[in-house]
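Feature annotation from TrEMBL assigns transmembrane segment to 20-42, 54-79, 99-132, 153-183. Sequence annotations record features per position, and here TrEMBL assigns region 'Disordered' to 212-242. Marked as compositional bias 'Basic and acidic residues' by TrEMBL: 222-235.
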Amino acid sequence: MAYQGFAQEYLGMPAVTRAYTTACVLTTAAVQLEFITPFQLYFNPDLIFRKFQIWRLITNFLFFGPLGFSFFFNMIFLYRYCRMLEEGSFRGRTADFVFMFLFGGFLMTLFGLFASLFFLGQAFTIMLVYVWSRRNPYIRMNFFGLLNFQAPFLPWVLMGFSLLLGNSIIIDLLGIAVGHIYYFLEDVFPNQPGGRKLLLTPSFLKMVFDTPEEDPNYNPLPEDHPENQPRDRDQNQQQHPQ
């Protein structure tokens, strides 16, 4: 029964959240089982551009460290806020959600070129939390039963918690900065006088991820109407014989 409940919950996750969370868990499991090592995953510009180890551009976002409190903490927040974004403000807009992933990952990678950052998954999680928190400013949050605050303070609370654990806050600040850039360009600037939408999702992403909507102005040909199909026509003749 527990397995069925877990399978149902897993299959009920929206596509992007399920794919990213699964990739993170499988990557950590592969490292834990010693199929691969973190040295094959971390962000290294020299190995990427000189040895063409392009996979590092992706794998550095998938590894959150060995199994432990930090890993499970990050997975819980990643799953929760990624899913709430995808099912909330990005509902029916999977291509836009994927574009946010690509935009955030691109900016973090640019920063990683000039800083000694090896894994950016935690920054990516903070970015998701930041965007969600700014789009839900009136939700009251409770952090481990100790703090009560409005949602926009959540990324800063997480950064303070990370500091208490002895971690560097550079990663958290990077996630907050990238999240704010996305939020400003997507939600704030277009609504300013003279502003316009700068982040335009490429059409090929919409073709791949978004189901095309039916054209409300579409008028089918007469022979395509259901009542004019052969079976329906025969039934009508049987019901109304000449």
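Cβ coordinates are placed from backbone N, Cα and C, and glycine is handled just like the others.
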What stretch in 20-42, 54-79, 153-183 has the biggest tally of Cβ pairs under 8 Å against the transmembrane segment (99-132)?
153-183
For the transmembrane segment (54-79), what are the same-chain contacts with Cβ under 8 Å, counting residues 6+ beyond its ends?
13, 17, 20-21, 23-25, 27-28, 31-32, 38, 40-44, 47-48, 105, 109, 112, 118-122, 124-125, 128-129, 158, 165, 167
